[in-house]
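Novice: One structure, as structure tokens, below. Some questions next.
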Amino acid sequence: MLPEELAGACGIDLTDARRIVSLAHRLGELPARAPATVRRAALDAARSAGEIRTLALVERRASAEDPFVKYAFRLEDGATVESVRIPLERPGRYSACVSSQVGCALACAFCATGRMGLTRNLEAWEIVEQVRLIRRDLDATVGGGARVHGVLFQGMGEPLANADRVIQAIRVLSEPSAQAIDMRNITVCTAGLPSGIRRLAAEVPAVRLGLSLGSVRPGKRRLLMPIDGAHPLEEVLAAVGEHARASGHAPMWAYTLLADQNDTDEDAACLAALARGFAAQHGISPRLSLIPYNAIGAPGDPLPSPDGGDERGASADPFVRSARLDAFRAVLSAAGVGSIVRYSGGGDVGAACGQLARPSAEAQRPGGRRAPPRPGATAGAADVGPSAPPRPA
């Protein structure tokens, strides 16, 4: 909950509300005795308005290869979500990659979460609490002024399918008396929901936008990302352009490379043409982030074949070799389009891009919604306050 909401709900002074929100985010609870900076009556009013709720840390796995850490948090209903602490280039700064849903309904072929199906949306406080707990662990294990500098909505779930709660979480995360994270350091990554993209532009325009492409060729994209059937790329990019103009930020286009599916010179040429066309139309060039596929599922588990058939042959080995990656980038560069190769660390602990997935309590019960049996199928501190828990959200 924001300080203004707490002040209105509890009838307390805004200054007291800001200090109480700060206490809740810093401590994870409201102290039994009021500190000198907060009036006792205000603290009592906030305490009576609702309980502090939190998540249970059930697993912490630090990569042996790089400074990535994966966390598993149990929710109050028994479901579990995963988050990742990502090191940034500047020493002592980290980004928190957070989940917005338990599972996901979109069934993207290269994403482990999509194989879970969707159980439910996360509440705003559950999203914010992931960041608070990652920050607490960072203080305990790294210290020395290390801090969470940014937040990446690219964990489990499609953030814009839960836009109400994600936007509320963003407001709390950026509140100076809460997590105090600059909105410009918050990125929301989407598979392509135009209405949600437009909401970001209208309600939290300072937030950055990431778009997962999969492929820019309609037939291939629809195979890898079934959402393309409901929202074709042309429709999505129109909304992305509106966001770019409203925010002034270049959109990040994430392109997961899969051997023999979307990594040919022709694929690169199509991507370059689309990027150049977007820049010409909207006056802002997208930032291309190439992501070599990270293993999901059981070893040898195949992905959809390039022609969409059930005999998937070559797709059983979807890992792009370095020579092919270099050739792909060379085609982009020759067309005047720059790109970076994203380093997805934490693969040894299942923390790399596309690997987050946990069995949920709902999905394990009869009636729980599961993903289609194969990719490519059609897919359609807590808070302080009376109606929500007292910590972020």
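The backbone N, Cα and C atoms fix where each Cβ goes, glycine too.
Note that the coordinates shown come from a computational prediction; the quantities given were computed from them, not determined experimentally.
Pulled these from Swiss-Prot:
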BINDING   CYS104, CYS108, CYS111  [4Fe-4S] cluster binding site
COMPBIAS  373-382  compositional bias 'Low complexity'
DISULFID  CYS97-CYS353  disulfide bond
DOMAIN    90-329  domain 'Radical SAM core'
REGION    357-393  region 'Disordered'
Novice: Roughly how many Å lie between the Cα atoms of CYS104 ([4Fe-4S] cluster binding site) and CYS353 (disulfide bond), rounded to a whole value?
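Specialist: CYS104 ([4Fe-4S] cluster binding site) and CYS353 (disulfide bond) have their Cα atoms 15 Å apart.
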Novice: Could you tell me which three-state DSSP class CYS108 ([4Fe-4S] cluster binding site) falls into?
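Specialist: Once the DSSP labels are grouped into three classes, CYS108 ([4Fe-4S] cluster binding site) ends up as coil.
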Novice: About how far apart, in whole Å, are the alpha carbons (Cα) of CYS97 (disulfide bond) and CYS111 ([4Fe-4S] cluster binding site)?
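Specialist: Distance (Cα to Cα, whole Å): 15 Å.
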Novice: Starting from the [4Fe-4S] cluster site formed by CYS104, CYS108, CYS111, give every other residue of that chain whose CB sits within 8 Å of the mean position of their CB atoms, in sequence order.
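Specialist: Other same-chain residues with Cβ inside the cutoff are LEU106, ALA107, PHE110, ALA112, THR113, GLY114, ARG115, GLU158, ALA191, GLY354.
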Novice: To the nearest whole angstrom, what is the C-alpha distance linking CYS108 ([4Fe-4S] cluster binding site) and CYS353 (disulfide bond)?
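Specialist: For CYS108 ([4Fe-4S] cluster binding site) versus CYS353 (disulfide bond), the Cα atoms are 13 Å apart.
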Novice: Please give the average pLDDT for the domain 'Radical SAM core' (90-329) in this predicted model.
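Specialist: Taking every residue of the domain 'Radical SAM core' (90-329) together, the mean pLDDT is 92.
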Novice: Highest CB neighbour count within 10 A among the binding-site residues CYS104, CYS108?
Specialist: CYS104
